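Noted in Swiss-Prot for the protein shown:
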type	residues	note
BINDING	HIS73, ASP106, GLU169	Zn(2+) 1 binding site
ACT_SITE	ASP75	active site
BINDING	ASP106, GLU141, HIS366	Zn(2+) 2 binding site
ACT_SITE	GLU140	active site, proton acceptor
Amino acid sequence: MTTTDPVANLAALIRCPSVTPAEGGALSLLDTLLSPLGFAVERVMATEDGTPDVENLYARLGTEGPHLMFAGHTDVVPVGDEAAWSHPPFSADIAGGEMYGRGAVDMKGGIACFVAAIARHIGKHGKPQGSVSFLITGDEEGPSINGTSKLLEWAAAKGETWDACVVGEPTNPDQLGDMIKIGRRGSLSGRITVQGVQGHAAYPHLADNPIRGLLQLTHALMHPAFDHGTDDFQPSNLEVTTVDTGNAATNVIPARATAAFNIRFNDSWTAESLRAEIIRRLDAAANEGELRPDRAPVKYEIVWADRPSHVFLTRNNALISSLSGAIETVTGKEPKLSTTGGTSDARFIKDYCPVVEFGLVGQTMHMVDERVAVADLETLTRIYETFIERWFAHADGK
């Protein structure tokens with residue numbers, strides 16, 4: 001295999017059926033690509049009770065600073081109905097100028113391109129004046145417990161430090177060069193349970209319908225808006241994601257009702273201040289009687305999900321200007337600096353070094369017939385290669 005060819009790199013990666021949390025041969029393949037370039041490659045198995053064991057990879061070229069990290073994941077989401085695919089999901093077939101396969105854009109394509117980019121850099125200039133590392137997990141599409149966070153802890157414990165990181169997630173909405181992600185909103189989830197009294201639907205006075213109380217509470221969580229956005233972030237937004245009574249009968253008032261919610265929040269809040277605001281709203285709504293006239297206040301219980309994701313924003317000029325300049329040089333486009341979208345493993349990396357995200361076009365990620373334009377693989381490789389040159393020149397003060 002020619003390591004400098006992103007198309008060949010990606011085809012080989014797609015053919016590894018690494019549906020989370022399976023390694024599927026993808027990390028072994030990366031080992032064979034990176035070791036000949038001089039990278040010291042280590043495989044790290046992470047474990048935690050109640051979760052699948054996950055294998056991860058850390059590879060470093062060089063021993064001195066400045067130190068640039070590329071981060072990503074080789075695990076992919078399930079393919080769904082394989083019969084619905086026009087090309088087998090692990091075939092890496094090319095048709096109409098596009099390569100088909102699960103993980104093509106999310107995010108084996110980004111990994112394939114950065115491998116090609118550093119291989120080209122070494123071929124032209126030799127090893128960088130500093131260090132480059134790959135931090136690759138097999139647990140990004142899963143619970144994200146035995147992946148990037150534990151790999152970072154492991155690496156930091158052995159003395160690894162980094163000056164900047166690029167995560168190769170598919171950040172572009174429409175065309176390559178559209179967008180760099182320089183931050184992410186936080187994410188907080190919880191589950192509310194309201195206890196009632198079960199009874200016959202024809203005799204509501206003999207029961208206490210918990211759905212009425214739950215509606216009061218969830219309405220208070222969605223109205224009014226938590227904020228109207230900030231200079232760098234969209235407005236915080238709460239969505240009720242499940243409602244359940246455990247009751248299939250239409251003539252029975254249920255004994256309890258439960259609702260789960262998720263809020264994506266901006267830098268107006270922390271997870272702690274947001275929890276306090278949610279409790280304040282729930283307590284106020286519990287005492288209202290619009291949906292429960294002549295009833296006692298709603299009794300509710302709230303359970304918070306573990307590990308909220310905290311909001312972050314990167315303002316590192318060397319990192320952002322080097323990447324933005326590389327994109328403009330290669331594509332002629334000035335990328336938008338954005339904080340939109342969901343969470344990513346950048347939320348873990350931001351505690352160790354400045355981090356941004358840039359990869360392929362994400363229109364088909366997680367979909368049937370996930371695919372990438374072959375031409376985009378070459379373009380992204382050129383962007384990454386130019387970025388590597390610019391970042392090390394900037395970091396060295398040249």
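Here the Cβ of each residue, glycine as well, is placed from N, Cα and C on the backbone.
Each of the recorded positions ASP75, ASP106, GLU141, GLU169 was scored by the number of other CB atoms within 10 A of its CB, and the lowest score belongs to GLU141.
Around GLU140 (active site, proton acceptor), the same-chain residues at least 6 positions away in sequence with a Cβ under 8 Å from its Cβ are THR20, GLY72, HIS73, ASP75, GLY147, THR148, SER344, ASP345.
Close to the recorded Zn(2+) 1 site, the chain also has GLY72, MET107, GLY110, GLU140, GLU141, VAL167, GLY168, PRO170, SER344, GLY359, MET365: residues not among HIS73, ASP106, GLU169 whose Cβ is within 8 Å of the site's Cβ mean position. In this structure, the CA atom of GLU169 (Zn(2+) 1 binding site) is 12 Å away from the CA atom of GLU141 (Zn(2+) 2 binding site).
For HIS366 (Zn(2+) 2 binding site), the same-chain residues lying six or more positions away in sequence with a CB closer than 8 A to its CB are VAL77, ASP106. Those residues of the chain, other than ASP106, GLU141, HIS366, with a C-beta within 8 angstroms of the mean position of the Zn(2+) 2 site C-beta atoms are VAL76, VAL77, GLY103, MET107, MET365. When Cβ atoms from all protein chains are considered, those within 10 Å of HIS73 (Zn(2+) 1 binding site) total 31, not counting its own.
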